[in-house]
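Asks: Please find one structure pasted underneath; my questions will follow.
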Amino acid sequence: MLQSRRTRLIALLAILLMLGSTLALPALGLLPGKTEPRAENGVLDLRDWSLARDGAVRLSGEWSFDWERHLNGNTFGADRASPDTLAEVPGEWTSLGLPGRGEATYRLKVLAREDIGSLGLQIPAITPAYKIYENGRLIAEAGALSTDEGGAHAAYKPQTVVFTPSSAAFELTIRASNAIYPHGGIWYSLTLGTEQDMLERSKNGSFVDMAVFGGCALLGLYQISVYVLRRSERSTLYFGICCLLGALRLWVVGGMYLAELFPEASIELLIRLEYLTYYGGVTMAVLFVKELYPKEFGGKLVKPIAAIGGVFIASVLLLPAETFTRFIDSFKWVSLFAFAYFLYGFTLALWRGRSGALLQLTGWLVFVAAAVHDILYSDGWIILIDLQLVPYGFVLLVFIEALELARRFTNAYRTIGTLSDELIAMNRLKDEFLANTSHELKTPLHGILNLSQALADGKSGPLNDLQREQLETVVSVARRMSNLINDILDLSLLKNNGIRLSLASVDVRAVLSAQEEVFRHYIGRKPVTLRMEWPESLPNALADESRLLQIAYNLIGNAIKFTPRGEVVVSAKSEGAMLRIAVADTGIGVPENKREAIFQSFEQEGTSVAKEYGGAGLGLGITKRLVELHGGRIAVESKEDQGSVFSFTLPIAEGGGSAAPRELAPASAQLRTARLEAAASLEPKSAHKPGQAILAVDDDVVNLRVLRTVLADEPYEVLTATSGQEALELIKSSEGRIGLVILDVMMPGLSGYETCRRIRENYALSELPILLTTVRSEPEDLVYGLEGGANDFLTKPFHPHELRARARTLMEMKRSAEDAIRSEMAFLQAQIKPHFLYNALNTILSLSLDEPQTSHDLLLHLSRYLRGSFDFKNKTRLVPLRKELELTRAYLQIEQARFGDRLRIVYEVDEEADCLLPPTTLQPLVENAVRHGIMKREEGGTIRVSVIAEGDDAVLAVADDGIGMPLEPHAILSREAEGEGGVGLRNIHQRLLRQYGRGLDIESAAGNGTKVTIRVPLAAGRGASAVQPNDIHTGRGNADDSGNSR
């Protein structure tokens, strides 16, 4: 480790030393070469410099400078005007304390050799608008000179002009104006050389620019395309944008090719593109390096730099040019900091041994060195290479970044290839393991199967019915396992081309019709019908009969399995030299994107389907291979939630003779298994025991049989259901008899989770406990089930003792909760308010002297009322309607004696409307009507108590014409609490909901009275004892009119 770090450090120092020497030695004059002359005091002396031999020279240095003086060079010679001052070129006149906008004249006297000849002048985009004169002769111009924005016309126009000086000593005059940028001046150096040299430079520069532009643009588009195809690789997006911005900047700033291509483009647009490419390039570069090395380029610095870049980009898009161009100097510091951060991050990555860090650091160092070289070159400090190096440095950097991305993709593909080889090897080992394990399992499984079958047949002595049923369950499960093992062995043989077909002429109609009983037994209790539709004439097929049956079992069994209700139709027809057999169903269908995948081994329509319907997903894969071995093809047509049609073709046998179908061992085994399962599904749904019941819900009848067997010794009746919908219907019709639901999670139609949620809509956790059973034990499955309302979870396979223990615990929890509720109800029922007793006794005392008989009757009513109210042992779940009416009449007789004519009572009781009610249901409703409805009015009112029969229900109603309730019914039931009247409406509503699934129906409006209705099932044998004829009466006024039986 230490040795590798030392190596990386040496490499880093070597790179820095090499680049530093390249830049420093020429600048310090330590390398041989001739120093390029510079202008001094407005004069450039080239008499010792041969343009043909020593090369072109930049016109850098001190130029004569005149502010707002329109000179054109005609004053050259003895009458040459004195300059205002000297200005550095390249440079900005704002450094002289002048405003950014304005017009100035630059003059340079050139002293050349006598044999100077024809010259070329290379002019970059030195200023927005200019005119260049040689000894007063105009040789180049761009834009329109003006000091105000309205009259100025800027033109970015780099050009190379050729001229012949008038003499060896000549003067170049540049009139420059700026009305856009905050800093005016001549920003870049002009270059003077021989005509041939300058034209060659221009040509070569254009060629290089085009090559760089084309390469960067294509590379950028390629990288963005990679990102579109692979969204997780954001580094390709950032790098692609960097390449496109670099190419665009080259066309906007370098040779100004965009201005030449679109001459009508405004100068402001070009300026915006220039700044956008600069700001955007730096910002994308920061994001790109973070994607390359996220640990070295953390978000603490990258995010602020990117945010600052975003602000500058927004300024270019939103602000005018004269405003956003003022901020360029500020962003230069951001760029310098970003580049320094790049070097630091790559150095850190190199030190930590990150792959590709050395190459990255080298590329960025070369780019920075090229930028430094160009700065020194422009200022005339270095002429080691008479060329701008930034474009070449940028190309090298782009190449290195592209190489790094390519290296990473190559490593990723190499890793994928390695993993693919490993997966193939593991898949081969898996197949071998499954085949070997299946062979090993087959022998003991056959032993279990044969011994269990012998015991079930009574070979070892007579068996009782329960023993025989349990042994048949063992045989059925063992045959299922045998079929699964056979499928695995067939799959292994198919993969290794080990299956050999015994082809013969087969009568398809006879073979499949003979096995129709087996297929019908597959249906069991499901609401699915099976039809076979055969044409009058059907040719024989050339097939292996046993494999044909295997194909039919898989397709028909699959259709029945995925059809919750409806029909399955088997048909056949001839198509040329092929016979097409189709299996159509009205099941769940297959999505279009899954129609190819379902024919692969271990594939089903989706994970949710696998959870809901179960299965290993082998059948269709084996079926497809068997059909193809026969020379046929299998196809599927399907619509989601409408059904599917699976069809396959077989060659038609020559001659058309019909071969009688023979009984096959596999078919016999499957037939017996199907019969056993169908018999189990048609067995009685419960082993009756008195008391509460346990409901077991599972779509597998064998699992239901196991549950019944395990719970056989428990003191509960065991009910069974094969679907969630059937379970909900049983719970609804059980009238509260079911005390526990054992619910399988994976079921067709309503899954266990959904069934659990449906139950919880009407029953609380303590009212009806739910125990979920599942083969999955992942935490997310447990959480999902418990959040859906389950009380407990049991993972299959489970131990019988554990199932019984959990069932007992949940049943005891429910019993304890019910006892607590009944105790609470008995306590609430016994609550009699003192003021009611005082009022009743005072009424009786006031009547005892004048009306002794009435006083006697009221004492009887009070006694009856108190006896019913103080019945602390009354924990009966349901009471007859007669008892509720007796309590209600006793209460009303007392209140009527107290309030007299203010309280009028009407009874309408149908003697056929007998029913059972939770205790203390009717009297609190009447008391609520008296105290909160009628007695709130001075004139009093009428209370109507009615009981009628409607269909299978008894409808009880308490209506009054009192002041009514201002709240909506749902607000009344949600906000009304137990108040002075004893048991409140909300309590009664909740008890009715728990018992019957229907609560109180309240109709009320302020000032129009209130009507409370209860709808409960009629009792069996109604009319016999609950409501006697003398209970049915309509009365008002005194106590005798009440209809009370004395």
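Cβ atoms here come from the backbone N, Cα and C positions, even for glycine.
Feature annotation from TrEMBL assigns domain 'Histidine kinase' to 436-654, 922-1020. Here TrEMBL flags 693-811 as domain 'Response regulatory'. The 4-aspartylphosphate annotation in TrEMBL covers D744. Annotation source TrEMBL lists region 'Disordered' at 1024-1046. The transmembrane segment annotation in TrEMBL covers 210-229, 236-257, 269-289, 301-321, 333-351, 358-377.
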Asks: How does the model score the domain 'Histidine kinase' (436-654) in terms of mean pLDDT?
Replies: 80
Asks: Cβ under 8 Å, sequence separation of at least 6 from the ends of the transmembrane segment (269-289): give me the contacting residues as numbers and ranges.
Replies: 156, 180, 234-235, 238-239, 241-242, 245-246, 248-249, 252-253, 256, 258-259, 297, 302, 305-306, 309-310, 312-313, 316-317, 321, 324-325, 328, 331, 334-335, 338, 341-342, 345-346, 401
Asks: Write out how many residues of the domain 'Response regulatory' (693-811) are helix, how many strand and how many coil, based on DSSP.
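Replies: Looking at the domain 'Response regulatory' (693-811) with DSSP, the answer is 50 helix, 26 strand, 43 coil.
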Asks: Other than its own, how many Cβ atoms are within 10 Å of the Cβ belonging to the residue listed as '4-aspartylphosphate'?
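Replies: The answer is 24 other Cβ atoms.
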